[in-house]
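Novice: So Swiss-Prot has the following annotated:
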type	residues	note
CARBOHYD	484	N-linked glycosylation site
CARBOHYD	505	N-linked glycosylation site
MOD_RES	695	phosphoserine
MOD_RES	700	phosphoserine
TOPO_DOM	1-393	topological domain 'Cytoplasmic'
TOPO_DOM	432-445	topological domain 'Cytoplasmic'
TOPO_DOM	476-549	topological domain 'Vacuolar'
TOPO_DOM	570-587	topological domain 'Cytoplasmic'
TOPO_DOM	609-651	topological domain 'Vacuolar'
TOPO_DOM	672-739	topological domain 'Cytoplasmic'
TOPO_DOM	765-785	topological domain 'Vacuolar'
TOPO_DOM	825-856	topological domain 'Cytoplasmic'
TRANSMEM	394-412	transmembrane segment
TRANSMEM	415-431	transmembrane segment
TRANSMEM	446-475	transmembrane segment
TRANSMEM	550-569	transmembrane segment
TRANSMEM	588-608	transmembrane segment
TRANSMEM	652-671	transmembrane segment
TRANSMEM	740-764	transmembrane segment
TRANSMEM	786-824	transmembrane segment
């Protein structure tokens, strides 16, 4: 938790890598994930860097592996994924691996090409057999005539044509037969009629079964056609039209004997093709199964090798071109591991001269490194979505672990809904090692990544549901109500007390639709409910009024405490960066302004709750009126909450008024005095540099990175650094804007926390409406079929509860909780202007196959 409170101390290290050991050293660093490399070749194009050839080789290997994975998936062969990630391949094995993969690719492409060719031939032969079978039905004559006109028996019997004319026509008859897509038949026929001007006779028949297209592989419906024409020119036109409509044209036999011979030959060839195709597929599957055993490790190895060469391209060579120089950011705590990794890489390469490192001082801002685990990672991502924390500033994620699910639960307070959410998150946590959860759809994967957030959100919702005493909009009476209805009846009290109290009798109960419990009557109110809200309020008509008052005050209290805590965290930042003047001139005035107004409001709320009981609540003054009178100084005196209230409030207002000019002018005037009193403004006593930032505070402290076990000490700052330009007007304007924003933000941010009350009220009302419209109707059915009606009612109630109250309302409360943390809480102390530490780590490479048959 210590590292989660503040980012780790970083140092800039210079690595000296021998050319022969650089690959092995970076492989060892990638396995450990210790350092973030700086690009020392920013001015060099990516195509002109030293190891661009090796990167292209890795990309070529990736292309081959993607092809292999696609073929393996196409063959429905499972891809084994190992639990342990294989190391990067040694350099001496890279060429061998490349040759193996290229040879395997050539073999697979050749076998696949032959298989596709065989399959295409087989489909064409099957189409040919279907065409012969169907066109045989077009022939209506059993006696063979001349082959050029045997398909037109009607020509002989036509009274308009004599036999000699038929012979002249028959001498020029021709036939085109084949198959055409079902959707193109109508257009094909119209085109033939218009182009050939009626000099064709077309016969169609639909195939009973769908066939696979040899070209596209799509299974579609086909029509067999037979076109009879006369004239060579008409024949050329018919063939061109068939080509335009992508018809599959096959030779048409002239005689029945020729048809039989072709049919027998086709059957033989089809059987032979089936045999050859099966053997080819078996061989292809054997090759793919053998390739599938090692493709996972090959993919990971190639990706690691490519990542290593990308990092090597960020290094520079020394003057002798025998040593690579790299600059890396490394946490102080990992320096020893970094040295051991370099030694390990040098030892594996067998180099005589080991690689080594050196710590170099720098004035640059280091990246922010915050160590997380699977529990804290989700909360850290919420903070980083707003902005990565500046180097060494307080990290809000440590406190967000508790405050975020708690504020969510305040808006989502329902025992039943929270318990359902808790069970769902618990199921994800218990099955977090299941491989399918990481490969699920994006929405489910998002739930899985935030499983611990959901777990705490559900757990805290159970707690707030107990406080609100809400379980699916109904109250639970666990300890017995603190209110006694029977004590209101006149029969419960002596006759002498009847005139002093407003009691009930049978007539009052019959003639009044609304009855009021009086806590001043003895025995009516026996004390507060042990846990949460008394269940009797669920029956009261003024329940909403009571809950609104309670939740509104609770929202204000939580909001002011949350914001005050943010200001206090800012003090830790000032102490760490040794800017104590910010504590006295910024943080303390901010705290005084906040506490003297809104802190006093919390005091009045708690004072009224503690001093005035249920019996004396009638005479309790209004907090709203008292708070308004605090600023108006009315002439008419009120009773007030306590003695001396007026003097206390005036003192608080005076302190508030005095804190505002200090907040506006204190820091700029102090910096002006500091500037005039020193010849060099850039350095303070601890060697921290004061640099002004444009978007944040004009002055912030950045430590000189002399952190190699205290060996480097900061000498005279005025001799080391140039003096910074001091602009008093800009500093004053920045501080004035910040002060105005803070003073107005105290009011607007406090009002913003009222969303806790608003969303809690909305959630409770939606739950109540859903219960009233479904469950209440189903439970009131007292017929013999009531049980049958109750089952679909419960099912519908469960579905609407999940989709409306859990998902939609939960998402709304989640977004509002994020806003309260980002805006109202973090702007009190969190700058969020840093850069995230992105280590060179092989663990960041995905080890799962994606839907595109690759590993991302």
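Every residue gets a Cβ built from N, Cα and C, even glycine.
Fair warning: this is a prediction, and the values are worked out from it, not measured in the lab.
Buried or exposed, and what's around them? Tell me for each listed feature.
Specialist: Take the CB of residue 484 (N-linked glycosylation site) and look out to 10 A: across all protein chains shown you find 17 other CB atoms. DSSP assigns residue 484 (N-linked glycosylation site) to coil in the three-state reduction, placing it in neither a helix nor a strand.
For residue 505 (N-linked glycosylation site), the count of additional Cβ atoms within 10 Å of its Cβ stands at 12 [all protein chains shown].
Mapped onto DSSP helix, strand and coil, the topological domain 'Vacuolar' (476-549) counts 26 helix, 4 strand, 44 coil.
Averaged over the topological domain 'Cytoplasmic' (570-587), the predicted model reaches a pLDDT of 94.
Taking Cβ pairs closer than 8 Å, the topological domain 'Vacuolar' (609-651) reaches residues 519-520, 525, 600-601 in its own chain, all 6 or more past its ends.
Beyond the ends of the topological domain 'Vacuolar' (765-785), by six or more residues, the same chain brings 414, 417, 470, 472-474, 793-794, 796-797, 800-801, 804-805, 809 to within a C-beta distance below 8 angstroms of the stretch.
Below 8 angstroms of C-beta separation, residues 1, 4-7, 370, 372, 376, 379-380, 382-383, 418, 453, 456-457, 459-461, 463-464, 554-555, 558, 562, 565, 569-570, 572-573, 576, 755-756, 759-760, 763, 809-810, 812-814, 816-818, 820-821, 825-826, 829-830 of the same chain, each at least six residues beyond the ends of the transmembrane segment (394-412), sit close to that stretch.
Long-range neighbours of the transmembrane segment (415-431) within the same chain, counting only residues 6 or more positions beyond its ends whose Cβ lies under 8 Å from a Cβ of the stretch, are 409, 437, 447-448, 451-452, 454-455, 457-466, 470-472, 476, 767, 801-802, 805-806, 810.
Long-range contacts of the transmembrane segment (446-475) within the same chain: residues 374-375, 378-379, 382, 401, 404-406, 408-410, 412-426, 428-429, 432, 437-438, 440, 529, 531-535, 537-538, 547, 760, 764, 767-768, 770-771, 775, 801, 810, 814, each at least 6 residues beyond the stretch ends and with a Cβ under 8 Å from a Cβ of the stretch.
Under 8 Å from some Cβ of the transmembrane segment (550-569) lie the Cβ atoms of residues 394, 396, 399, 403, 407, 410, 533, 587, 590-591, 594-595, 598-599, 601-602, 605, 746, 749-750, 752-757, 760-761, 820, 824-830, all in the same chain and six or more residues away from its ends.
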Novice: Could you put numbers on the helix, strand and coil content of the topological domain 'Vacuolar' (765-785), residue by residue per DSSP?
Specialist: 15 helix, 0 strand, 6 coil
Novice: Given residue 484 (N-linked glycosylation site) and residue 505 (N-linked glycosylation site), what distance in Å do their CA atoms have, once rounded to a whole number?
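Specialist: If we compare the Cα positions of residue 484 (N-linked glycosylation site) and residue 505 (N-linked glycosylation site), the gap is 15 Å.
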